[in-house]
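Some features that Swiss-Prot has for this protein:
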COMPBIAS  1-17  compositional bias 'Low complexity'
COMPBIAS  18-29  compositional bias 'Polar residues'
COMPBIAS  42-63  compositional bias 'Polar residues'
COMPBIAS  64-77  compositional bias 'Low complexity'
COMPBIAS  78-88  compositional bias 'Polar residues'
COMPBIAS  98-107  compositional bias 'Polar residues'
COMPBIAS  116-131  compositional bias 'Low complexity'
DOMAIN    212-258  domain 'F-box'
REGION    1-146  region 'Disordered'
REPEAT    322-351  repeat 'WD 1'
REPEAT    363-391  repeat 'WD 2'
REPEAT    403-431  repeat 'WD 3'
REPEAT    442-468  repeat 'WD 4'
REPEAT    478-506  repeat 'WD 5'
REPEAT    519-549  repeat 'WD 6'
REPEAT    561-589  repeat 'WD 7'
Amino acid sequence: MPSCDDTASSDTDCQSQVSSTAHLHSYRSNGLVEPPSKRRLTTTNETSLSSAGATTFQIESPGSISAITTNNSTTSAGDSNNSNSFSDQHSRHPRTPNAMNSPTHTPISDIEEDPIQQLPLPSPSASPIQSDTENEHVTTPDSLQGKANLDSIENVMSNEPTTQSELVDLVTKLSGFLSEANQNHLVFKLLQKTTRPTLSTFNNLINNSLKRDILSNVPFEVTMKILSYLDYKTLLSVAQVCKKWFDIINNPDTWIKLLKRDKLITDDAVIKYELQYPDQLLREWSTLPEINSAQVLYKKRKIIVNRWMDPKFKPHRISVSGHGNKVVTCLQHDDEKVVTGVDDKCISIYSTQTGQLMKVLEGHEGGVWALKYTGNTLVTGSTDRTVRVWNMKTGQCTHIFRGHTSTIRCLDIIHPAVIGKNQDGEDIVFPEYPLLITGSRDHNIHVWKLPVVDDSQDYIETFEGEFDNPYLIAVLSGHTQSVRSISGYGNIIISGSYDSTVRVWDLLDDGHCTHVLQGHLDRVYSTAIDFHSKTCFSGSMDSNINVWNFETGELKKVLVGHASLVGLLDLVDDVLVSAAADATLRIWDAKTGELRSKLKGHGAAITCFEHDGLRVVSGSEKMLKLWNVEKGTFARDLLSDVTGGIWQVRFDYKRCVAAVQRIINEDEGETFIEILDFSQPLLQ
């Protein structure tokens with residue numbers, strides 16, 4: 001420690017230094033140290049604080065630093081009434097945010113003399129508890145003992161503060177030598193001496209610093225990822241927290257992703273179509289104009305799904321009688337029309353909105369057993385061994401394809417699709433134009449170029465044989481019995497036959513049969529294809545469902561459980577649903593083959609069904625039932641007054657269309673087309 005002669009100092013300074021040195025060892029034994037002896041506090045003018053009495057610091061305990069005032073040769077420690085002591089002067093320092101944040105260079109001797117109000121503060125569990133006596137200190141296991149700590153403190157206190165700013169710096173530096181508990185205690189002590197307005201300011205600052213806006217402080221991509229795990233109810237609650245969160249959640253991308261995740265809409269093209277007319281969407285389904293149209297679309301779809309699942313909700317119903325006692329063999333519908341084929345040669349087109357019969361297409365000479373349309377082009381296959389192409393708008397038959405020698409039992413339309421990438425990373429699209437695939441009881445499969453119908457065409461293009469038909473692309477031969485089912489995508493055709501085999505055909509290889517999949521013990525009635533996973537499924541009279549890799553021909557799995565003919569399969573995304581003559585349906589995980597649910601409730605063989613990943617609608621004798629796919633449970637009966645069979649059923653997100661039979665007497669029945677609309681009323 002430097003001597004009194006090292007620097008210019010007063011006699012009182014030297015005296016204070018001697019006093020300090022005398023007590024140094026005793027304080028060090030307690031882990032405390034007295035400040036350096038040469039602490040002469042002066043002002044910027046010639047008036048010195050030592051004129052009233054020299055003052056030095058000493059640390060009395062880990063939680064307390066008091067001042068020692070020396071007057072001539074007399075030293076008085078801890079005098080609470082001494083107006084020159086630092087503790088008293090500091091307590092009278094004006095405590096305002098400006099004073100705290102922007103220290104001035106006001107001399108220490110110019111501190112204001114305004115008394116302050118001592119305010120009791122609550123003591124949270126994380127804060128030190130105020131002791132009963134003012135001088136009681138917090139004891140902690142850590143100690144200031146050690147030459148390094150003592151020397152550091154002496155170095156900090158070697159420069160005397162001459163301004164308010166320097167004093168604040170000194171206190172800040174000294175507080176760094178305290179333990180965490182004692183630092184908390186020091187803050188608590190200072191807050192006790194703080195005015196109410198300043199406490200209010202501190203409260204606001206602390207509250208703001210403790211708030212962490214997770215959504216706003218992370219990259220937008222991370223925010224969207226976080227939101228993707230929330231359901232719509234939680235999102236709506238979060239949106240009410242603040243305007244910033246509302247703006248984030250009101251982003252259309254948030255709700256488009258939610259539409260897909262909740263399987264309300266999974267096709268981007270459908271979402272784009274639905275959002276084409278946002279004004280109409282907002283007008284019909286929202287009362288809040290500031291909500292984005294994607295959120296309103298989610299609301300619309302969610303309300304409609306909930307109506308489906310609510311047994312108390314009664315959909316708008318239209319019943320149409322129009323086929324006598326004939327069997328409806330095939331059915332397809334959209335928002336404008338319902339198209340039915342029956343076993344009496346006719347094809348009927350009804351209005352979906354009103355149920356009115358709009359057109360009857362005549363020309364086939366036998367029952368219609370297969371139909372499918374795309375756009376305005378309808379294709380039908382009949383027991384008369386012909387395929388007909390129709391313009392539905394005009395009702396005109398535009399083409400007749402001949403070549404099959406027996407009933408056309410199944411057909412499919414393959415649209416252009418991306419099937420891979422070339423060497424340059426560009427999409428490979430196949431086919432170039434829509435293809436029509438027809439399967440017949442003559443064992444063969446025909447591949448046709450689908451004609452584009454023209455409203456101005458008023459004649460029928462008829463081709464008597466295979467060789468003079470420019471639309472015929474290939475004849476796929478190989479099955480030895482009736483072709484019962486066809487599923488196609490891109491360049492691949494999967495066919496199931498009564499010969500108990502499944503065949504894989506590659507149109508990029510001139511329609512060559514790449515694999516004959518053998519494994520079933522009886523007739524194959526149904527097929528499904530998942531092109532991207534190179535997987536196909538087949539259902540058979542042997543009661544099994546076989547899962548194949550159509551690229552390698554490998555039998556991957558056999559799904560067992562049904563007790564009779566598996567006549568129907570439907571694959572949507574990763575959900576495979578099977579329906580059998582044992583009166584049950586089963587829901588399978590298409591990737592793993594795991595059985596998710598067994599749907600029991602029908603009293604007879606399942607004659608028709610469809611699913612969309614959320615709902616299954618199934619029909620059997622006298623029953624039309626709705627099931628929840630996710631839960632694997634029965635939801636409701638859609639019709640309760642059917643007295644005969646359910647011939648066909650199809651549905652979209654808002655309507656269910658079924659062809660049903662009502663028994664009039666023992667020998668007579670009547671077929672009806674039932675249209676159930678769950679989108680009415682628009683708002684409820």
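Positions of Cβ are set from backbone N, Cα and C atoms, glycine also.
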Which residue counts does DSSP give the repeat 'WD 3' (403-431) for helix, strand and coil?
0 helix, 16 strand, 13 coil
Could you pull out which residues elsewhere in the chain have a CB under 8 Å from any CB of the repeat 'WD 4' (442-468), counting only those six or more residues past its ends?
374, 376-377, 379, 387, 389-391, 393-394, 396-406, 413, 433-436, 474-477, 479-483, 486, 493, 495, 497, 499, 505, 507, 511
So which residues does the repeat 'WD 3' (403-431) touch in its own chain, when a touch means Cβ under 8 Å and the partner is 6 or more beyond its ends?
366, 369-372, 374, 379, 381-383, 385-387, 437-442, 444, 446, 450, 465-466, 469, 472, 475, 482-491, 493, 507-508, 531
Go through the chain and flag residues at least 6 beyond the ends of the repeat 'WD 2' (363-391) whose CB is under 8 A from any CB in it; none is fine as an answer.
329-330, 332, 339, 341-347, 397-402, 404-413, 415, 434, 436, 438, 440, 446, 448, 450-455, 457
